[in-house]
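Everything below concerns the one structure shown next.
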Amino acid sequence: MQLSLPQILSRRDWENPQITQYHRLEAHPPFHSWRDVESAQKDRPSPQQQTLNGLWSFSYFTQPEAVPEHWVRCDLAEAKPLPVPANWQLHGYDAPIYTNIQYPIPVNPPRVPDLNPTGCYSRDFTLEPSWLASGKTRIIFDGVSSAFYLWCNGQWVGYSQDSRLPAEFDLTPYLQAGSNRIAVLVLRWSDGSYLEDQDMWRMSGIFRDVKLLHKPEIHLRDIHIMTHLSPEFTSANLEVMAAVNIPSLQLNDPQVTGSYQLRVQLWLADKLVASLQQPLGTQAIDERGPYTDRTQLVLRIDQPLLWSAEQPTLYRAVVSLLNHQQELIEAEAYDVGFRQVAIHQGLLKINGKAVLIRGVNRHEHHPQTGQAIDEESLLQDILLMKQHNFNAVRCSHYPNHPLWYRLCDRYGLYVVDEANIETHGMQPMSRLSDDPSWFSAFSERVTRMVQRDRNHPCIIIWSLGNESGHGATHDALYRWIKTNDPTRPVQYEGGGANTLATDILCPMYARVDEDQPFPAVPKWSIKKWIGLPNESRPLILCEYAHAMGNSFGGFARYWQAFRQYPRLQGGFIWDWVDQSLTHHNDHGQPYWAYGGDFGDTPNDRQFCMNGLVFPDRSPHPSLYEAQCAQQFFQFSLLSTTPLVINITSEYLFRESDNEQLYWRIMLEGESVLEGSQPLNLSPESSQCYRLAEKLPTLNKPGQLWLNVEIRQPKETPWSPAQHRSAWHQWRLPQPLFSPSSDLTNATAHYAPQLQHNLQLQHDLQLQQDEQHIKVTYQQQCWQFSRQTGRLAQWWVADKPMLLRPLQDQFVRAPLDNDIGISEATHIDPNAWVERWKKAGMYQLQQRCLSLHVDHLSHSVQISAEYGYEFEQEPLLHSHWVYRFDRHGRMTIDVNVRIATSLPAPARIGMCCQLADISPTVEWLGLGPHENYPDRQLAAQYGHWSLPLEQMHTAYIFPSENGLRCNTHTLNYGRWTLTGDFHFGISRYSTQQLMVTSHQHLLEPEEGTWLNIDGFHMGVGGDDSWSPSVHIDDILTRETYQYQICWQYKV
């Protein structure tokens, strides 16, 4: 008997954790039901599939009870078109909500709010009589959030929840030739929402593909493919377990079941490698006999080509179901990779080799389409990861779109497949995992994931979920996986990352050398962890290096440890992409939004933006740091006479057959000697390369650097030709300096001019009155204020060059890492920004303590002392000595003394606002991208030139940005600065960055703001909620000195 809509809704299935589905078919790998072997082998589109993607009719209600009963049979008058797949919140209905830990609904499991946003979808489609003449028709929803009911032609079909796994239903009894109508009622909240508390945008709707699939009456029901390699990896067995759907009344009739045959053909491109055919049936399982609806086929393969992320060689297995006349009923096909995953002697090994995981966590996210991801976006992520030396990705924190795994198989990425389970907002987190009434809901999310995805070679580890504590359910599901798929290890971080439910120590945000002894679940340093008594598992960080905004400091320390300790086998960076959504302001202009921008409450503001790439996949500077730290070639300088380097390949399987070594000896950013040669390295091998017999003799003084890089001359499936995969730089010892005759002649030529300059001492003039001190040289005049003691103006030809005077700067626009977990409603006194606020660093009162002028024989010297205090407490003392010489240069020596009561400042430097705006910035120092004292592994010393706008890093949440470290020369327009300093140059002041909430709200200011730092604190990045700048990168001394030389070229 068909139930009415009110009767169905009255059961409130979405508030019953023991009801996760009605009439949903069992999980299995993706099916295509090809009707010819060639199409299956070549992976052609299957005529048995019909997409239902496109425009659907959509009506929105605030709660399911408000849906009119007749909607299941016909569209409502107010219905409007809505694309599928899509999140309805991005099409004007309801609002996306971003939260990290806290649930977006009151925590009362399994209850959810009565006001439960509901989307009513419907679509008509047409089926020919031939489609319905025989067989069965299924409908497959690849992803619907969070729960839904399905009707076909007015009749209720079923119910499902779990947003991230397919829901498949048999539509055969409800279909008719011609026009058909399906209706889907989607609930935003369900008891399943309590298991989906991931750190992400909470959105709803049919956000993955929908399609019809036609299967024969007798058809393949499940296929499980495993590869087993010999100890020497010289041969392999391909094991295929296949089950067939046969009517139950025929299962015990051997004449019926035995008439069906299963055939497996293994192809390598167009070459048939092996084939095996046998009838249905297994060996006797117990005293009642065998299975009659399934069989096991084993093919032996000699000298198989192995699959790895480095060499993702794929075979193609075609599984055919044949009738008693040997005619094909249907075929399914899967890519097969021969590879072995094992933990042996404390090491995770791929094909017998200990692997170093160069991993990243990735949410399915697109700034325009939210959680609806297309193939182009999937492929873009994979190519970028491969190009930046990633070899692994964790599906955080749910099973991904089915196409993701196929692409990872083909392009070569190791995958941690993770169940769609997180209960982070529960107290305790294990509240539900220890509750038997929730066992079914937990278990289906794990078992169905395994059943869908287990044929993919890219998946090397199963994960039981994320941040859900540790309960009896986890132990049970761990054992289920180990029984049903003994070919892969299982990891689970909950409960301390080292419970019996994990084969791998997989902590998150454990530090290299620092213990975090939390009472319940201590996080030891990763070096200490692997040395604990009776602990022999490998350690792979499931999350580390929190890349939130201007972050990622100290990342290189992890990689030093990974390479030093074999059982530290890498980790997964948090995370890949800034989870910002495109929003529009009142004028219709787009901008990248974060939590709260949609009026969503509760929200966790900008905590959704932790990516190595911006939402449009353009790189953060931290991406280059990851690329360099993770590069597969390591370099060492053995000698300089002759010039010899050693290169080690960290590839486990591939030869360096597409690599060219390029080297250059650089003098102050200019090449003086260079060369290239092919790189011929076997896996895991080292080789010495003799680059030159000796260092070149120089005809001018300067510092020599040796730059080496490895490029790939030919394009690959994942990279263009000349892709740079690795690089390094060394500072070389100073060679002999032998001035050339040209230089000698040049000196002689300019000697009269130099002599003339010596005679122009009267051009350096000094004027003083009660308000100002002026130093004049030719067309330039430096004007000091006696009141402030500061350089108030720099005149050139009576034109003012400064919009704001030159002064000390000790603060920066707070980084996310500086802010930590401090916000309006919660203050973390340990956060750097709170320590600086409490100390008064943002409200310093400056006083000029003294001002002295000396007119020397060849220069004018002005000495000034400044005191900085807060609430009458002296905090900083700054002593500046300005020297003006007869060449129009201003040299400043700065000495800063810091009170012992003051927390370490963010910077010791100076700033001013220049009147000039020049299109280009040139410098000799570290570059070309933004770098900071604890994030400069990827930067190289050289001569760089960039447009002014590219000197600003457009972090969505504005903060300190754009620094370039270890600079010796800066040229900006007619300005030249020399010394040993860091600098940042921008159209935005520190003050504007501090008070502006979004990048798009920044307004270019008049002129240019120039920040010159003698010293700058690191940015940190082990995590973003506790102080994570390493002690070596904190300004802890009591005194600091630096010197800058300024010149304006008139």
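From the backbone N, Cα and C atoms, a Cβ is placed for every residue, glycine too.
Copied from Swiss-Prot, the annotated features are:
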ACT_SITE  Glu543  active site, nucleophile
BINDING   Asn100, Asp199, Glu467, Glu543, Tyr544, Ala545, His546, Asn610, Trp1025  substrate binding site
BINDING   Asp199, Phe607, Asn610  Na(+) binding site
BINDING   Glu422, His424, Glu467  Mg(2+) 1 binding site
BINDING   Asn603  Mg(2+) 2 binding site
SITE      His363  site 'Transition state stabilizer'
SITE      His397  site 'Transition state stabilizer'
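All features noted in Swiss-Prot, drawn onto the structure.
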| residue | record | CB count, 10 Å |
| --- | --- | --- |
| Asn100 | substrate binding site | 17 |
| His397 | site 'Transition state stabilizer' | 25 |
| Glu422 | Mg(2+) 1 binding site | 25 |
| Glu467 | substrate binding site | 21 |
| Glu543 | active site, nucleophile | 25 |
| Tyr544 | substrate binding site | 26 |
| His546 | substrate binding site | 24 |
| Asn603 | Mg(2+) 2 binding site | 22 |
| Phe607 | Na(+) binding site | 23 |
| Asn610 | Na(+) binding site | 26 |
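Across the recorded positions listed here (His363, His424), the residue whose Cβ sits among the most other Cβ atoms within 10 Å is His363.
Sequence-distant neighbours of Asp199 (Na(+) binding site) (same chain, 6+ residues apart, CB-CB distance under 8 A): Thr99, Asn100, Ile101, His397, His424, Phe607, Cys608.
When the record's substrate-binding residues Asn100, Asp199, Glu467, Glu543, Tyr544, Ala545, His546, Asn610, Trp1025 are compared pairwise by CA position, the greatest distance found is 18 Å. In the three-state DSSP assignment, the secondary structure recorded for Glu422 (Mg(2+) 1 binding site) is strand.
Cα-Cα distances to Glu467 (substrate binding site) place Glu422 within 10 Å, out of the recorded positions His363, Glu422, Glu543, Asn603, Asn610. Compute the center of the Cβ atoms of Asp199, Phe607, Asn610, which mark the site for Na(+); besides them, the chain residues with Cβ within 8 Å of that center are Asn100, Met548, Trp574, Asp575, Gln579, Asp604, Cys608, Met609.
Take the CB of Trp1025 (substrate binding site) and look out to 10 A: across all protein chains shown you find 18 other CB atoms. Rounded to the nearest whole angstrom, the C-alpha distance between Asn603 (Mg(2+) 2 binding site) and Tyr544 (substrate binding site) is 23. Taking only the Cα positions, the spacing between Tyr544 (substrate binding site) and Glu422 (Mg(2+) 1 binding site) is 18 angstrom. Here the C-alpha separation of Trp1025 (substrate binding site) and Asn610 (Na(+) binding site) works out to 12 Å.
The DSSP secondary structure for Tyr544 (substrate binding site) is strand. Distance from the CA of His363 (site 'Transition state stabilizer') to the CA of Glu422 (Mg(2+) 1 binding site) is 14 Å.
With respect to their backbone Cα atoms, Asn610 (Na(+) binding site) and His546 (substrate binding site) stand 7 Å from each other. In the three-state DSSP classification, Asn100 (substrate binding site) falls within coil. His546 (substrate binding site) and His363 (site 'Transition state stabilizer') are 14 Å apart (CA-CA, integer value). In sequence order, Ile101, Asp197, Gln198, Asp199, His397, Thr423, Gly425, Met429, Gly465, Asn466, Ser468 are the residues of the same chain, not among Glu422, His424, Glu467, whose CB sits within 8 A of the CB centroid for the Mg(2+) 1 site.
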